[in-house]
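Asker: Dropping the structure in here first, questions after.
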């Protein structure tokens with residue numbers, strides 16, 4: 001058996017490692033997992049087929065797999081105060097797919113946040129499986145505040161009388177009132193599902209309200225702010241447990257990825273610590289520090305600021321450049337972010353009027369408020385003065401900041 005990584009793969013791996021070490025990562029959905037999670041992702045568990053659930057497998061030799069998955073299930077339930085947990089979904093999208101299957105029939109009506117307002121593809125976008133399987137109607141944000149308008153959401157729900165309401169977003173920077181969503185759902189007898197993929201780590205840390213208190217089903221990814229192996233997780237009330245499990249296997253998936261389930265379990269255990277609670281608090285502090293610097297230097301923030309881990313910046317109205325161009329400028333100096341639509345955007349999705357910035361990854365590396373103030377000033381300078389001389393100077397500042405907060409020093413491929 002070959003024991004060496006292919007030379008071309010090794011070369012790319014080492015270049016990617018160097019990129020991660022030397023760049024400031026501000027993509028809101030990215031993070032740096034612990035070396036324990038990395039090790040588990042590449043463990044011998046990848047060899048094992050384990051269709052089914054702990055104690056009810058369709059393959060032999062699963063006793064140790066069962067131990068790990070059972071630990072993950074129990075940890076998820078305790079961490080999020082859930083009656084039931086399924087940690088097998090391969091992704092957040094597949095978690096959402098299974099949640100829909102557990103609650104709905106094809107063509108049932110759903111009300112969710114529109115993609116242009118900050119929602120997600122799996123919340124009914126027409127060319128996504130969700131959009132062509134179910135009958136979605138959408139709510140957005142108030143045009144003046146760019147925040148959720150619960151009175152307007154209630155009117156939309158009363159008009160369309162959905163079977164399911166989806167709360168949650170991929171680009172919304174304010175606290176979501178899950179209690180209010182539950183009250184609205186109850187008025188039409190609808191189920192409430194919350195997609196907390198972006199904020200799960202903040203919920204675990206106690207710095208964002210826990211949707212499990214109000215929702216029938218909660219879905220999430222296990223990476224992003226939760227800082228785990230890539231994958232999905234479903235939490236629900238006990239009355240939906242059987243339907244959820246059946247919707248995942250055999251409804252949506254076959255064999256679970258037990259190496260990633262081990263990585264998820266490790267991350268859930270890490271998220272149960274006091275250290276992680278402090279991490280969650282620091283994410284929010286860092287976001288506010290970055291937001292303040294950007295605002296003080298004339299950049300307009302969508303919704304007026306942030307309560308969580310991300311900031312949506314309206315680049316077009318303040319600097320007359322697209323989000324795509326801003327993304328490329330920042331990447332040229334070693335700051336990685338993504339172009340992003342903003343509410344009521346007039347630009348096409350490939351160009352956008354905004355960029356989305358997130359603090360989780362660099363908070364993992366040890367950045368605090370002072371470092372994020374520096375990052376904010378670098379961003380402003382790069383976008384306002386795109387001269388080669390200035391960008392070269394700023395790129396050196398980025399490298400200097402990264403060198404003060406090293407990551408994965410012991411890894412070499």
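Using the three backbone atoms N, Cα and C, a Cβ is placed for every residue, glycine included.
As listed in Swiss-Prot for this protein:
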type	residues	note
BINDING	115, 119, 120, 121	(6S)-5,6,7,8-tetrahydrofolate binding site
SITE	223	site 'Plays an important role in substrate specificity'
MOD_RES	224	N6-(pyridoxal phosphate)lysine
Asker: Using DSSP with the three-state reduction, classify residue 115 ((6S)-5,6,7,8-tetrahydrofolate binding site) as helix, strand or coil.
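Answerer: Looking at the DSSP assignment, residue 115 ((6S)-5,6,7,8-tetrahydrofolate binding site) belongs to a helix.
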Asker: Cβ distance under 8 Å to residue 223 (site 'Plays an important role in substrate specificity'), same chain, sequence separation 6 or more: which residues?
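Answerer: Correct list: 29, 30, 31, 33, 229, 230, 231.
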Asker: Within 10 Å of each Cβ, count the other Cβ atoms, then let me know which of the binding-site residues 115, 121 comes out lowest.
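Answerer: Least crowded of the binding-site residues 115, 121, by Cβ count within 10 Å, is 121.
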Asker: Does anything in the same chain, at least 6 positions from residue 119 ((6S)-5,6,7,8-tetrahydrofolate binding site), have a Cβ under 8 Å from its Cβ, and if so what?
Answerer: 112, 113, 138, 168, 169, 170
Asker: Measuring Cα to Cα, how many Å separate the residue listed as 'N6-(pyridoxal phosphate)lysine' from residue 115 ((6S)-5,6,7,8-tetrahydrofolate binding site)?
Answerer: 19
Asker: Name the residue among the recorded positions 120, 224 whose Cβ has the smallest number of other Cβ atoms within 10 Å.
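Answerer: If we count Cβ atoms within 10 Å for the recorded positions 120, 224, the smallest count is at 120.
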Asker: With the (6S)-5,6,7,8-tetrahydrofolate site defined by 115, 119, 120, 121, which remaining residues of that chain have Cβ atoms positioned within 8 Å of the Cβ centroid?
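Answerer: So the additional residues around the site are 112, 113, 114, 122, 123, 124, 125, 128, 169, 170.
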Asker: Under DSSP, is residue 224 (N6-(pyridoxal phosphate)lysine) helix, strand or coil?
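Answerer: Reduced to three states, the DSSP call for residue 224 (N6-(pyridoxal phosphate)lysine) is helix.
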